Amino acid sequence: MQKALETKRLTLSYGETIIIDELNLEIPKGEITIFIGSNGCGKSTLLRSLARLLKPTTGDILLDNQAIQSMQTKQIARQMAILPQGPQAPEGLTVLQLVKQGRYPYQTWLKQWSEKDEEMVQNALAATGMTEFAERDVHALSGGQRQRAWIAMTLAQDTDIILLDEPTTYLDMTHQIEVLDLLFELNETEQRTIVMVLHDLNLACRYADNIVAIQDKQIYAQGKPEEVVDEKLVRDVFRMECQISTDPLFGTPLCIPHGKGRRVRKEVAHAMR
């Protein structure tokens, strides 16, 4: 397995609170890796550290076998892009202006905007279906369109690795699938390494080549969804009882949570008669 990213005995902390403790992780190159886990388990913290947005307390993070702490910022930005959760664009910024920001790592005092930069921006707009919205204000877009605009910016950055923190947050079901399908296509057609945090376990199973379940500051399980996602994992990681079935469309694990819902309401109403 070729590794795009790797951590060695990585410990991450906020103040004196340890979030991730001596974690060893390998991110496969050219695959979609999705972090899952309960709220507060450290998924987003881990993702931020991979992007060098959070300095490790101890341990190493390797990008193509080189410690990222020793690399220049622009050098990293030419190899890895990150889309944080809920990014906000300045008022009045157009889609085209936003996407152009993805070319910042390639700008210098001597080398300003080039034909290559323009080509990468136009290709990014086309790949995300945003060409027709290029002159539209980012704030005038729907949720799904706005997220596609941000993804276009990361594509314009032209990196082999894209990190995304909960890219479907605040999106309705249609736009969630739209964004995840786009990321899937980028991985399939361009072999980009995609690493993201998702809350929806069923969508994670559907789109991931590689699932990383995080619990108690460590990796609970890692591997293909069909190999690692079972009722015990859901019970241990999410503290929830469920039934694992098979997605009838994709053949991936399908988590059906235990709960009350309408059936229980009907049973209670019947018992009260």
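Note: Cβ is positioned from N, Cα and C throughout, glycine not excepted.
The domain 'ABC transporter' annotation in Swiss-Prot covers 5-241. If you look up Swiss-Prot, you'll see Gly37, Ser38, Asn39, Gly40, Cys41, Gly42, Lys43, Ser44 marked as ATP binding site, on the strength of sequence analysis.
Structural mapping of features recorded in Swiss-Prot.
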residue: Gly37; record: ATP binding site; CB count, 10 Å: 22
residue: Ser38; record: ATP binding site; CB count, 10 Å: 15
residue: Asn39; record: ATP binding site; CB count, 10 Å: 8
residue: Gly40; record: ATP binding site; CB count, 10 Å: 9
residue: Cys41; record: ATP binding site; CB count, 10 Å: 22
residue: Gly42; record: ATP binding site; CB count, 10 Å: 23
residue: Lys43; record: ATP binding site; CB count, 10 Å: 25
residue: Ser44; record: ATP binding site; CB count, 10 Å: 19
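Neighbouring residues of the recorded ATP site, listed in sequence order and excluding Gly37, Ser38, Asn39, Gly40, Cys41, Gly42, Lys43, Ser44, comprise Thr45, Ile214 (Cβ within 8 Å of the Cβ centroid). In the three-state DSSP scheme, Ser38 (ATP binding site) falls into the coil class.
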